[in-house]
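Chemist: Pasting the feature list from TrEMBL:
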{"type": "DOMAIN", "residues": "B:16-199", "note": "domain 'CheB-type methylesterase'"}
{"type": "ACT_SITE", "residues": "B:Ser28", "note": "active site"}
{"type": "ACT_SITE", "residues": "B:His55", "note": "active site"}
{"type": "ACT_SITE", "residues": "B:Asp148", "note": "active site"}
Amino acid sequence: MMEESRIQDIEIHLFLDALFRRYGYDFRHYAKASLKRRVLATLAATPYSTLAELIPRLLRDEDYLAEVIAQLSVPVTEMFRDPHVFKALRENVLPVLKTHPRFNVWQAGCATGEEVYSLAIMLDEEGLLERAQIYATDINEKALHNAEDGIFSMQSLPEYQRNYQHAGGRARFSDYYVANAGFFRIHERLRSRIVFAHHNLVSDGVFCEVQLILCRNVLIYFDNELQKHVLGLFHESLARSGFLCLGTRESLRTVEAQSLFAPVDRVAMIYRKNGIHA
Amino acid sequence: MALSTYNNDVPEIQYTHRTAEAIAIGCSAGGLDALCVVLQALPPECASAVIIVAHTAPDGNHLLPALLARRCRFPVSVAYEREPVLSGHVYVAPPNYHLLIEADRSFALSVDERVCFVRPSIDVLFYSAADAYREKLAGIVLTGANSDGALGLEAVKKAGGYTLVQDPRGAYADTMPKAAIATGAADKVLPLDALATELGLLCSVPPKTR
């Protein structure tokens, strides 16, 4: 008899195929091990005991789609995560952006917005916020709504405050939000500078020319083929000598994309677009 | 069996152990000392990859690989994304990332939500390693003040793997081994010294058949 886990692997395949054929969301090139966890978590949130039973609902209940996407792209982020990276951006990237009268920034995979607000705070402190147009994109509509609201739990505040200081924050973190009954909300002044939009790195293309792309801990969820595709998309989207910032544990080596970008800071994972097309 | 019929004057070797392709170890509070004891028992020729999740502070200086490298004759490194898992090598999960194993026996990372309040989580490693290695995996739960690892150990057992737990009576913190034992999935519960010996056997290259 076939092992249960092998049957489950077939079901995962069918589930992802159904999602793609019915709605065009292609998760088939996501890294398998973590995707499996997420698919099984999606199942665990339903009354069904097998994925096969969930497929009819996925196919026929359009309202269920948003829920599935939210489950499959679990948004976990924090403000000024890896403070040294933000410090490096402040020291190595912002001075270059300063030479532009106007510039565009794209955060790909913004989830619930913690990171893009961190960036906005930093731009503000460097006097660059007014010159910046920031695009923050994700495939998760639920997360995008939360990001747009800019409302976060007070529980995380002490950690964020600490991160902000370590990232070289120049003011008081409390200058950037209004606190209210267990929550704090990022100031309108910052929120209004960011356009939150739906964009799928798997299937959507270039939407504007940008001077900085922030995409941290997104590529780790993609297989090599998809990583390569997305790095190509970033290369195309960046202006000449534009900057790319990846997650600290990510690498260009695995998909041999070193020819596309030159390292600026290997620890903070900041790169610059290479002129020569590979 | 067939071998002994070829050559009757060579006594058949009775293996009292199995060789594991990979050994996944989870620990938390008091884990460093426990890891030092078990890693010292690795044999000179190690047939297995050793993969460790130790709960550490997300932003703390990650000294674990350097500390372990002093106690062990094999290379100890932080697991890199997509890096192939090699035998005779000790890997440690990076702080603030879950560590997973893909079916092709390479490492993967995720920043998914914490499991049992921790990231990296032992459960996450054990589930994915059980999937990748099936019966060729050994899972070991050591000291810790958290129940992470219990469900993972169950998954290792379910996939046909071999499961070991440190005897909670001698553990620095007994919550983690107790939780693992409570699942009923532990093949053996052993004091640290005996556990180290068992680990040594699991990693031993089987003697060449003559």
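Backbone N, Cα and C define each Cβ position, glycine as well.
Since the structure is predicted, the reported quantities are computational estimates derived from the model, not experimental observations.
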Chemist: Using a Cβ-Cβ cut-off under 8 angstroms and a sequence gap of six or more, which residues of the chain neighbour B:Asp148 (active site)?
Modeler: B:Gly26, B:Ser28, B:His55, B:Val115, B:Cys116, B:Val118, B:Ser121, B:Ile122, B:Asp123, B:Met176
Chemist: Across the whole of the domain 'CheB-type methylesterase' (B:16-199), what does the mean pLDDT come to? Round it, please.
Modeler: 93
Chemist: For B:His55 (active site), list the number of other Cβ atoms lying within 10 Å of its Cβ atom.
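Modeler: Taking all protein chains shown, B:His55 (active site) has 25 Cβ neighbours within 10 Å.
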Chemist: By a simple count, how many Cβ atoms lie within 10 Å of the Cβ of B:Ser28 (active site), its own Cβ left out?
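Modeler: 26, counting other Cβ atoms within 10 Å of B:Ser28 (active site).
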